[in-house]
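Q: The DNA-binding region annotation in TrEMBL covers B:130-229. The domain 'Response regulatory' annotation in TrEMBL covers B:7-120. The feature domain 'OmpR/PhoB-type' is assigned by TrEMBL to B:130-229. Annotated 4-aspartylphosphate per TrEMBL: B:Asp56, in sequence order.
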Amino acid sequence: MTAARPDPDQLLDRLRSDELRAGRGRLRIYIGASAGAGKTYAMLTAAHEAVAKGVDVVIGVVETHGRADTAARVEGLARLPLRAVPHRGRDLAEFDLDAALARRPGLLLVDELAHSNAPGSRHPKRWQDVEDVLAAGIDVLSTLNIQHLESLNDVVAGIVGIRVKETLPDSVFDTADEVVMVDVPADELLARLKAGKVYVAPQAERAAQHFFRKGNLIALRELALRRMADRMQGDVLDYRDAQSIRDVWRTQEALLACVGPGPEGEQVVRSTARLAGRLNIAWHAVYVETPALQRAPRTERMRVLATLHLAETLSATTAVLTGANVAQALVEHAREHNLSTLVMGPARPKGGALWPHPWHRQPADEVARCGADLDVIRIGAPRSDTPSPSGTAGRDARSMASRAAEPASGRSRWTAYLWPVLGAVITTACLQPLSDLLEPTNIAMLFLLGVVGIAVRQGRGPAALAALLNVAAFDLFFIPPILSFTVNDAQYVLTFGVMLAVGLVVGQLTAGLRFQARIAAHRETRARKLFEFARDLSGALQRDQVVESTGSTLSSAFGSQVVLLLPGDDDALVMPHPAPDGLDLGIAQWACDQDRQAGLSTDTLPASPFRYVPLRAPMRIRGVLAIRPQDPRWLLIPEQQRQLDTFASLIAIALERVHYADVARQTLVGMEAERLRNSLLSAMSHDIRTPLTVLAGLAESLATVPPALSPDQLDQVHAIRDEVMHMSTLVANLLDMARIQSGAITLRREWQSLEEIIGTAIQSVRRQLGPRAVTVTLPPDLPLVEFDAVLIERVLANLLENAAKYTPPTTRITLSAACVGKDLRVTVADDGPGLPPGRADRLFDKFTRGDSESATPGVGLGLAICRAIVDAHGGHISAGASAQGGAALTFTLPLGTPPVIDADAELPVLPETA
Amino acid sequence: MSDPLPTAILIEDEPQIRRFVRAALEGEGWSVFEADTVKRGLIDIGTRRPDLVIVDLGLPDGDGAELIRDVRNWSSVPVIVLSARADETDKVKALDAGADDYLVKPFGVAELMARVRANLRRSRSDKTASPVFTFGNVEVDQSARIVRKAGAEVHLTPIEYRLLGVLIANVGRVMTHQQLLRAVWGPGRSDSSHYLRVYMGHLRQKLEDDAAQPRHILTETAVGYRLVEDAPGH
């Protein structure tokens, strides 16, 4: 049990990544703690070494920042011209991805991996360009400053007080083939700075002064070294995995980042990502949508989605949960997915109050209560002095949101508030005549009923208003003194309170129920759509049906424009007719080739109006689904994304099924056709042979059965017999040709002795050869050769017959064979009149004969059959002149490796055969 | 021998073929019974105890190979197969089922009669086996295990000798690759017919005048081998 068995899943992963890596270029990143460490210089030095080794090195982009020694290192290296991208009236120079792919160097230098490309570029980030370059099999050298690493972004911001906008996903850094740390002590860096060797943009000079402080530099250096150490640890683990050096089977634990609605969600995500990276385990990020949060303002919801997106880029599995109780939903999710550790945000006062409500527990405490077996890590509060633009914006949005309160969506809300007024008026009007009959208590009850009714139908706000109005009406019209708010009996204060409380509670409950019902309805709709779609697809038998039901179902399910792009005959995607507006076939093809989503809200060309989803089926990518949602935000919601993925894989599987159904149908048709052809051919062969047999037999009977015939008659009888035999050969040739032409021939290859086949071939044409002598010269050590004996015998027989047919009876025929290189060469030569000049190449065509009209029988099929058979064996047949001046027909067969024959020693002891 | 007329049963569905085959056999003193179906043929073989059976492979009510397999359960009468099919596997199937020889349509009457004589001779000579067997200028003394060609002793390896022994025991009869492999190497090597080709080649080199144009150890392409006492075509 404790034996170090490699986990099969990991093995598979490794195989897959090895496979992925096989055709990929290698990425080496030079990493430094800060600008000025000398990364670019180190990279250029490595490039020069590569040039010295004969590698084709090209500079994609290198920022020299006017440093003389760096500029000197650039000298002597080939350089791609930069691409000019017009942006706001200026031209920005960017790395030219297409030029690099077209140039295909052995090694490409791309500085500043975290750089953001100018708007309108293919990818928003340079590292994505580099991915493409690597995918094309080109090795890349690049550079990176530690503060640009995504997961360290906020840590660096905390240290140096500057938040970097250009970030690199950790996955790129972690999956890079090599990372080289370019390290320089803080003092030396400061000295360099003083000497003007570190580039500082003029507009950032003040910030730079703040940045290049010794404390900052030391902290950054430590950060970089630590991150390097993490990566090294990863390398060590990978190595151990690869070598299966593992003593303990680690249970696959994972972290769960709980994203709240506040600005600290981002911090939770980054911290969890860092932690997960350090522990080398997977992690999830979830957001729990509660009825209260459902009403949160749009900006806040957008931020949650953005946070989840960030988590996805940091390679988390994300989900949006729904439930009335945050903690319960989290614990359930954690248990379900075997996540033992939850990472949660800092405690935060509810509703802007300065202290937490005593009865309103923090979710973290709640989780600790209902999931006692789970570990909870609570992230500290972000430093308030950190200038975090997104944070403050979020807070502003929040306070605005609380001010705006519930009635967020206009008109329908207002009508909801008319109902309580109406209800109060009607109740009062109805009860007025009955005021003498009913006890005030019962009247209060009826008013309470009105409040409950409003609460059930209209929710919490109107319920509160109804409670207020009903209490007022009750007081005004039914409690003495009538038409006065003055209350004599303090009892009624309690009545008001209860009515208000009941209204609010019922309203709250109803709102919760309604929320749950709405979520359930949503889920039900999703499931139903999925079910209906799966049912439609399973009924589809043709590609068009799949396209049609995809179009109708998806556009109704997602309320968006849907286009299914399928590959044509040349495997390139085909633009549908009419071409939809804004659809880019280039992006679709890229998504298809790279097996990655592209377009709207992805990393690749996010400005495109369409999202392109590759349809990945088990065997291959079957096409691309292009979808243009009415609301671009829609695709950010993880549930919708997952729904889209599910649809995509359903479509892909349906397409694949349809494809294989087609293949199966064609195969069946082919098999049926072949069966028919074969039965036809063998029936013809049988039906022709039978009368020929009768003819030959009866002719011979004439000759043998008394009375004896005269010599003249005997000759005629023999002539009949010979012609019948000849006709039989002709028919056999025709049928064979038909069989070969239709491709129905299957070679029964075995290791054969050529000598044996030559013997039978000569035997079979003995009659046609007549008095012509055949000399066979074979080398004594001729190996066995793999061929179909019947067919090669036919070739030899046809060649011999051909030689006999076109030569006088005194001709000598030589049959010889030799091993030449990897081929066996067999030649049938004669000393006859030779081939007609200029016809040698056409000799093997069908129905070609030496003389177009001659008395020699035959239709010229023999040599055509020879060529077809030899070709099928992978050999070659040709005609030429023999040494004796006659014709020489030569064919070759591949020699191969004959099987070993055991010596006599292995003879088993058998009972003597008498 | 003072036997009565030898009896042959001819099972063939084509009356014209039956007609000339019958004529040829009767010309050599056979008494011939005809049948046109498998069923009828089986009854005839059972009741008439023939000296020879000639059977067509494609009969209207069944496969000739099935008939041979049935007959071989209780009789060792020589069986010659007539086949209109070009495919060698049918012949191999018939031979493996127990047929002694085959002829492909269209065939010559002279050839048929030569085969008939050879098979009859073998079935008769079984009873009076002589230890010395001769073909061409080769003499095989099976009691002394000595092989001579033109008077000079020829050395054969144990496998070659065993192979030759099997051929002699079945002289005139087509032996399929399967049958030869089983008889010489035992059941284990039944799929390695290239062994056979190599040792057949050795035998021919040692016993034939021209190994490339053999007169006695003949190849039936894709089917098997046959040893004949008289050179064909002479």
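Any Cβ shown, glycine's included, is placed from N, Cα and C.
Fair warning: this is a prediction, and the values are worked out from it, not measured in the lab.
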Q: Need one number: mean pLDDT over the domain 'OmpR/PhoB-type' (B:130-229).
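A: Mean pLDDT across the domain 'OmpR/PhoB-type' (B:130-229) comes out at 87.
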Q: Can you check what DSSP calls B:Asp56 (4-aspartylphosphate), collapsed to helix, strand or coil?
A: strand
Q: Please work out the helix, strand and coil residue numbers for the domain 'OmpR/PhoB-type' (B:130-229) from the DSSP assignment.
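A: Grouping H, G, I as helix and E, B as strand yields 39 helix, 26 strand, 35 coil.
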Q: When a 10 Å sphere is centred on the Cβ of B:Asp56 (4-aspartylphosphate), how many other Cβ atoms does it contain?
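A: The Cβ of B:Asp56 (4-aspartylphosphate) has 23 Cβ neighbours within 10 Å.
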